[in-house]
Amino acid sequence: MGYITLPRRLFLWCMALIYMVAFVSLYLQIPGLYGNDGLLPARWQLRYSGKALWEQLLSSPTLLWLAPRLGLDTQTAMELLCLLGAALSLAATVLESLRDSLVFLFLWIMYLSMYQVGQVFLYFQWDSLLLETGFLCVLIAPVTSLRGWRAGREHDPVTFWLVRWLLFRLMFASGIVKLTSRCPTWWGLTALTYHYETQCIPTPLAWFAHQLPVWWHKLSVVATFAIEIAAPFLFLSPLRRLRLGAFYMQVVLQVLIILSGNYNFFNLLTLTMCLSLLDDEHIYFWLRKKYTPNPNQGTHTLAHTLCVVEIAVWALIGFGTVTWFDLQINWDKWTVSSRTVFTFHQFNQFLKTVTFPSVWLGVLSLTWELVSSMFRCACVEGFFKRFLGTVQWTVFGAAAVSMFAISLVPFTFIEYDSNASVWPGVRQGYDAVSRYQLVNSYGLFRRMTGVGGRPEVVIEGSMDKVTWTEIEFMYKPGNLSAPPSVITPHQPRLDWQMWFAALGTHTHSPWFTSLMYRLLQGKTDVIELIQSDVSQYPFHQQPPTYLRAHRYKYWFTKTLADGSYPQRWWKRVYIEEFYPTVYLGDTFLESMLSQHGLKDKSLPRRVSEAAVPQVVKWVRSQVRGVSAPLLLWSLLFCSVILCLLRGLQLEITLKTKPTAAKAEPKRRAPPHHPDAKEANSNDKDGLGQRQEEEREEVDAEEDERRGEDEESEREENDVRDELEEEEDGEEEEDGEEEANSVTHI
């Protein structure tokens, strides 16, 4: 693989942005979800049993155990952690020096602390994926606080390879589980005819995608299988163009998902992981900048051979897709028919055949990166640098091998026999670190829900038990005339859980009883989860006396016969009662609260009058009523603009400084300097002035040529050596500015 300096830096910048989004989005929902008057107060998860602090951290690794020692209650501590995480990640997006291994370690610890007490509202696959990717950032990012460890980064391809392996596990498992689940819609290639209207929070474009013909939906499912099952093997390929092709296939898939559905930061995180498939040469291609190729890339004969191999690989993927899904073009109707021609038994045999070979493919790919990095370490000039680079290679290589080994346990969950064959020592290592979410199993859209219609729970309130008013949520479908929302990258976690709750009974979602109880109490923190502008809540002046919930089935409306659009986005049919009519003091409500352990007799900790709790409280007062998507997009926009301005400033400085250096007159030697004495003696003969002018012209030409050579050499070193000489102070100031400008742009 080529040099990965720029993709690695871009990856760390994107990860800082995603951390900021995750912390801010969660911060806005903490009072309603985990506050003292929230749905599932986080303090219930931190029962102080008299154990030592170290034992508490081992049993549940979260910094919230320190809250009482700092005079903070659990809610205030959670808000403080989110604010610190958001501020630190925001600073890291603007200042490259803060994209440090220690900074990413702090971000990972803070998000893990939230995850440990997040309960059902934080148990999403993208939260686990963020924690796993965030820990990899700790290995990938430089340690700028240790000067010696910044000198050599020959191990970077090894640690960055772990992101490729994670991307492979994510996409391959997501494709496999769709077929191992035996979901009839995936096997019948009709899943997308239901997906757009049944996903949690669709976008307006989902309505238009739903109107596409069935043959197109089936063809899209075939393309999804090709992208998620076949293409991931190209991630581990040593051939550059195969990885680039797989990269753009993943980009197309993720962008289409973003356009049709609101999946918070998940697709942005997946796109960020795809950067591990790129190299410096391709980033330079994006920037339209000249790239000096590696002189040791091989002969033309080898290049032609590799081109033939790449064409054969793409032809094999295309042939397999056409064969396994019986793709046939109807030229009369301009359609493409498709069907699954293999059986579940055949697919299961295929899975048994490829699971362990894929593991060995990962072993070979990692070994190649390890050997290549070791060779680069051996070629470093200077004994001290070579020794330090070897030590770093040993440490980070061992870390990469360990992460790869323990990831085999969750990866092989997709096939039982392969999982049973995993070495017991690896399984013990996985069990030892499982609580830290270092590696996880994945599998998105395993089964298609809502085949007979999208189930939705609608809560209604009344003051007299006669007139009922629907309580409309900000984001999830409810009002038939309201268009779908666009809220990416924000995740309204209550709206998401309402979608899951509608798939079963209320007893499967104990938090729903708490929601009804808090709404009857009129708790503002919970109401703001439903409507950030409390004035839009129908019972904002007085809580309802009675509440109930019904289950409906929703469908997208269709275009009219004349091709015009209907006035409503949705249509619905009443199905059944989801939650009976309850009121404060109701026997059924009280029994459900007791059954689910939602009645807490202990009093919350009093808010301290110290400076930190008061600052946290003041910040909360400033963001009340603010739209979460608007706030997130504002922060993202400002971060990107600041980075672009910094890059533009450095680019302008880079262009103007050489001109100023050429225009600066050469300094005249002081009178006591030997050159000055020689010039004076020549002047007496009438020849000193001409000799001095000729010498200055020659010196100017040599300086100009030397400057051009040095500038060209610095440009190559910026790419080849990852600008590490700049960090050690061995490069000139011009080299620093040029490298930083390329990175920021």
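The backbone N, Cα and C atoms fix where each Cβ goes, glycine too.
Feature transmembrane segment, per TrEMBL, maps to range 359-379 of the set 359-379, 569-589. With a cut-off of 8 Å between Cβ atoms, the residues of this chain six or more beyond the transmembrane segment (76-95) that come close are 12-13, 16-17, 19-20, 23-24, 26-27, 30-31, 34, 42, 63-64, 66-67, 70, 103, 106-107, 110-111, 113-114, 117, 607, 612-613, 616-617, 619-620, 635, 639, 642-643, 646.
Here the domain 'Lipase maturation factor 1/2 C-terminal' (438-580) is broken down by DSSP into helix, strand and coil counts: 33 helix, 34 strand, 76 coil.
A mean pLDDT of 92 is what the model gives for the domain 'Lipase maturation factor 1/2 N-terminal' (123-284). Take the transmembrane segment (129-146) and the stretches 12-30, 102-123, 299-325, 391-414: counting Cβ pairs under 8 Å, 102-123 has the most. Stretch with the largest number of CB pairs closer than 8 A to the transmembrane segment (215-235), among 12-30, 102-123, 299-325, 391-414: 299-325.
Of the ranges 102-123, 242-259, 359-379, the one with the most Cβ pairs under 8 Å to the transmembrane segment (299-325) is 242-259.
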